[in-house]
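Here is the structure we will look at, set down as structure tokens.
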Amino acid sequence: MHELSLAQAVVEAVAERTGGATVTRVRLEIGRLSGVVVESIAFCFDLVAEGTALEGAVLEVGEPSGRCRCRGCGTAFETGDPIVLCPACGGADVAVLSGRQMLITSVEVSAEAPAEAPAEVESACAAPAAARSTATPDTTTTTTTTTTTTRGSDPTPDTGSGPDPGPGPPPDLGTTRGTGAGTTGDPVAAGPSPSSSGSWPATTTSPSSTGRGWPGGASSRST
């Protein structure tokens, strides 16, 4: 039946013009001379509206009578009978002026905006903390310390490149003779013995207040 295709055309036209808004009521105008069965089109409308913006909408159908004019006698009249005859002369040469139309006269939509699907959030924005990198740059600083060991009066840095030679021999303090005036020619007394650490303490003799040589006229000093 053609009422099904007509109902589908109505639903598609209304959905396109309303932009997807929820439709609550549709008003049609179907002339009585159109040959459309109003009860059938109302039933088909509910079927094709399911799952669309028109689902649940109320369909109202107006059925205006047809307006005609007799070509024989010129009589104008209204009728709802599909078989049109002039009521004045009974002639069948009648011009149908209206009554065969099918119009969408008005549409009512809901004031509420259609529900929109929530925006999908990327899983990378809510990545768990365990997935994030926890690597920490290595900031450890290695410090190398050079130890210096003093032996006697000549400090020698210990670079650790060889075995420790141990404490050196004590200096020969008995071979120096005094040659200046006032000397006796006896050997200079030996200095103190090395300490338990194996290092000889340094012996410092300051020059005389005159600034001319060392005390006693010695030309050298023992170390």
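Yeah, the Cβs are placed from backbone N, Cα and C, and that goes for glycine too.
If you look up TrEMBL, you'll see His2 marked as Ni(2+) binding site. The Zn(2+) binding site annotation in TrEMBL covers Cys70, Cys73, Cys86, Cys89. According to TrEMBL, the compositional bias 'Low complexity' annotation covers 120-162, 189-212. Under the heading region 'Disordered', TrEMBL lists 120-223.
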Output field, Zn(2+) shell: CB within 8 Å of site CB centroid, site Cys70, Cys73, Cys86, Cys89 dropped: Arg71, Gly72, Gly74, Thr75, Pro87, Ala88, Gly90, Gly91, Asp93, Val94
The residue listed as 'Ni(2+) binding site' to Cys86 (Zn(2+) binding site) - Cα separation in whole Å: 29
Secondary-structure category, per DSSP, in which His2 (Ni(2+) binding site) falls: helix
All-chain count of other Cβ atoms within 10 Å of Cys86 (Zn(2+) binding site): 21
Other CB atoms within 10 A, centred on His2 (Ni(2+) binding site): 12
Candidate with the highest Cβ count within 10 Å, taken from the binding-site residues Cys70, Cys73, Cys89: Cys70
Assigned conformation of Cys86 (Zn(2+) binding site) - DSSP reduced to three states: coil
Conformational class of Cys70 (Zn(2+) binding site) under the three-state DSSP mapping: strand
